[in-house]
Amino acid sequence: MAMNRSPSRSDAWNGMERMRMTTAMGESSSIHSEKLLSLARSLSELGLDNGTPPVSSKQPAVEPSIELGKGAFFADGQRKVDYILCYHYKKRRSSQQRLSCTSVASNGSIPVNNVLRRDTQPELETGIPEGEESRLSEEEKAVMREEFEFGLMEQGLQLERDKESKSQGIGFIRLHVPWTTLSREAELQKIKVPIKKSYELRQPQGIMGKVASLYQTLIKPLRPDVPETLNTQSHQNRTKTLSYPFSRDKLHLFEIKSQDTLFDYSVRSRIVKEILMRTACTQTCQATGISSLLSTGVYNSAFPLHDGSFTRKGGRGQRNDRQLLYEEWANYGVMFKYQPLDLIRKYFGEAIGLYFAWMGVYTRMLVPPSVLGLAVFIYGILTVDTNVPSQETCNDSLNFTMCPLCDAVCDYWKLSSVCSLTRASYLFDNGATTLFAIFMSLWAAFFLEHWKRRQMCLKHAWDLISLEDEEDRVQDIPRPEYDAILQEKRSSKKRGEKRKTELDGVGDGVGDGVGDGEGEEGEKDTMLSEREPDSLTLEDQLPGYMINVSVVLMMMGVTFSAVFGVILYRITMLSIWSMDPDPKAKSSVRMTVTTTAIIINLLVVLILDEIYGAIAVWLTELEIPKTEVEFEERLILKSFLLKSMNTFAPVFYVAFFKGRFAGPPGDYVYLFGHFRMEECAPPGCLIELCIQLSMIMLGKQLIQNNVFEIVIPKLKKMYRAYKEQDKGKEDDEDEAETKRPKQQWQKDFSLDPFEGLSPEYMEMIIQYGFVTIFVASFPLAPLFALLNNVIEIRLDAAKFTTEIRRPDAMRRKDIGIWFNLLSGISKFSVITNAFVISFTSDFIPRTLYQYMYSPTGSMEGFTEHSLSYFNVSNFQPGSSPSPTLFTEVKICRYKDYRDPPWSIQPYSFSKEYWSVMAARLAFVIFFQNLAMFLSMLVAWLIPDIPRSLREQIRKENMLLMEFLLQDEQEALSSKPPNHSPIRQHTHLQHSHIDMCQILH
């Protein structure tokens, strides 16, 4: 039966090439797979007239000495597997007859199924909305896969898959991109390739040359043992080869040793992914790209292959890239070495390479603040015995009797009982802390500038400077969910317009008797198609925005409620545990309550972090972003807002709110009329802030690293292995199939899928907040971050190399929105550190006392000066201690600047309070302006592009221009004398365009 398709249906196939193939097959009733393959091969040979590489196509894809896993090639042993598509199949009686027409080759691989026929296909005019997977039958999925795979062959890809021997299981389709398709796509994507032009890099001479040579000798043990071409730290090879966007018309310009090695595997897989993203299914469904088919369950997963096993069996010279990464990067034994960034970029792509490059720069930049923070801590240890306020607090002879910490059940207590707490507070709150906080503001600015310079060097080395065009092209690709909702909107609008048109036609038919025929229907269909919406409007997305705002506000309320719950816990437990008659137990009540409350805070933070991560994804999906870039940026902003608020909310409370609203004795502030607001200890809230910061920071890092990144993935892997083993016992139809050793694609399928870099970045961004925002209260934060990152880099390396599937090689010119978050945190940290030094620590009161109120110009008498008096007879009824171990107490002391009870206005703020408050505000203004000025000065003094790199780029552009002009002149001189001058002018014009592109 002939294939009768109207012109409107033929247009649904992909491109003019598909239309030509459909026309050629219109006279046949069924086409065998051999003929289909021959037609696909003829399509894949398009572009041969543009020139072929001057090498044989029969060369092996890799050197024979390199270890590659089983399954890295097609059955012929020549064509390398560039990508894998996985799908779940389940044979049914109704579909077995249709699938039996597929011819099975003797090598166990099968070509793509026959061309789809209109009379055997279920057509979905409205596309596949989200959640359609449960409504699609296995037959429908199989038909959709047939059309998609046929489209891939039309695009020039070659396919191979194994025989479906079991009744159900996972099927694998191997994809290979041949040279003709590879060269075509490389030219379209403007991928840069080395040309036959190189130059010697400039080397320092004289004393600087000797210093550079000595430095390279010293760091030689720190370099990874990888080939010199894949080691950015190696300076032995001082020759730089120029690169130029690939062109099939200029193959003679490029350094092509083999067509199989000209483009590395990451480039090949990226080209395949590009083809997968643009191939459409128009006959079975309105879906474009592999992402749509993955979201509907037509395919289970799609990923590039790893380079065999990560464990080495042969010699060191036989290591593949994965084994090199495992031994020289993902190994704790080499954590003292530099990272092989070029090899990471080659294997995983530029996006992951930039992440690990940023991690390396951040970790190295943590060394100076770690050393200085440790020096501040050691300075505190060495000078704590000479600190006068600490000596006065620990002096029992001064006999400071302090007011109770809670009503009725809490007794009076001696100031000397908090001696150890005061000494510990001085370790972090001493004279060097302020200088360290100013240094950290400068460090943050220098770190950002240093990273911009390092990123520019990597962009030049990795040919990412001219990446804007490719990023713009990728950003225009809509998400499958967006497409599905847009298709649904179009179909509903079309149905409404058609229904309205039919009603109008019925009305006209009643009046006129006869309609105008099919001509008017065609015009109406054309008008309907022209009025189809091209994108979603604000009205379509407004409900999602409203839900976003509401849920974010509600999550803020949940975070504040969690903080408030911990406050109530501290208040109530302080009262309950203070009832203990044991004096030793009473003396440790404050520290016990503080420690347990911080542990509760940590657990709440970890739990809410996971909840907020899932909520952020859900909220971002409700917004219906058009592209993946928009989706990722909105998701990052929501996740950062919720997680940072969740992490730092309890810290902000202790730093800026605890003890500020408690009120003086006799006039305490109560929550709900029963719970008295908690106060800071006499040494201040800084030591409690320090404890809270250290425990939350260390707890998040240890638990996230050990539990979330090691234990849970291993448990998932064990569970999958157990399910596969149990399934193998139940379904044992083909004993030879089960005993055959696993191929590489089967091993990779059992690994965890790659979930993106956002979780890795988010973890480091939150850590950066700990390092900068409250560094004035915890100078050891950079040291703890440094120790964590040294392990974190190797942990992430092991995860990327051994635990997850090979990610798609994504090209990025920078780290994106994460740099903006880093810059925002750096500026915000200046404000927070200024307020911590001014209001949380005792730096301002101590300085003001020494230079304004001290009769001797020293710190003697500061403790007495900072404590106010309270007459115990002024306690409210029922709030005084009962019973009490202290007898004849008439006056108790509390930490505040208030007038004594014998003054004209008892318990009102004293003159000293207003002096201290004015000094605090003045210091905040001074610190912020000084830190901001110095940060801007650092940013102005350090250019974003190093001078040497700028000169190198200029030199390379000139050399490349000379090389292309020379080639153009040679081409013109080799032409016959009667060559048309118009043609010569055209060549020169194209050459001029190329020069402009280079200079741009």
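Glycine is no exception: its Cβ is also placed from the backbone N, Cα and C atoms.
What TrEMBL says about this one:
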type	residues	note
COMPBIAS	524-533	compositional bias 'Basic and acidic residues'
DOMAIN	73-341	domain 'Anoctamin dimerisation'
DOMAIN	344-956	domain 'Anoctamin transmembrane'
REGION	488-533	region 'Disordered'
REGION	726-745	region 'Disordered'
TRANSMEM	355-382	transmembrane segment
TRANSMEM	431-448	transmembrane segment
TRANSMEM	551-577	transmembrane segment
TRANSMEM	597-619	transmembrane segment
TRANSMEM	640-657	transmembrane segment
TRANSMEM	765-787	transmembrane segment
TRANSMEM	815-839	transmembrane segment
TRANSMEM	917-942	transmembrane segment
- [ ] Give residue numbers and ranges for long-range contacts of the transmembrane segment (597-619): same chain, 6 or more residues beyond its ends, CB-CB under 8 A.
- [x] 544, 547-548, 551-552, 555, 558-559, 562-563, 566, 569-570, 573, 635, 638-639, 642-643, 646-647, 650, 691-692, 695-696, 699-700, 703-704, 759
- [ ] Averaged across the domain 'Anoctamin dimerisation' (73-341), what pLDDT does the model get? Just tell me the whole number, please.
- [x] 77
Open item on the list: Short question: most Cβ pairs under 8 Å with the transmembrane segment (355-382), which of 431-448, 765-787, 917-942?
Closed with: 765-787
Task: Contact yes or no, the transmembrane segment (431-448) and the transmembrane segment (640-657), 3+ Cβ pairs under 8 Å, gap 6+ - done: no
Open item on the list: Under 8 Å between C-beta atoms and at least six residues away from its ends: which parts of the chain pack against the transmembrane segment (551-577)?
Closed with: 405-407, 409-410, 585, 589-590, 592-594, 596-597, 600-601, 604, 608, 612, 615, 619, 638, 641-642, 645-646, 649-650, 653, 671, 675-678
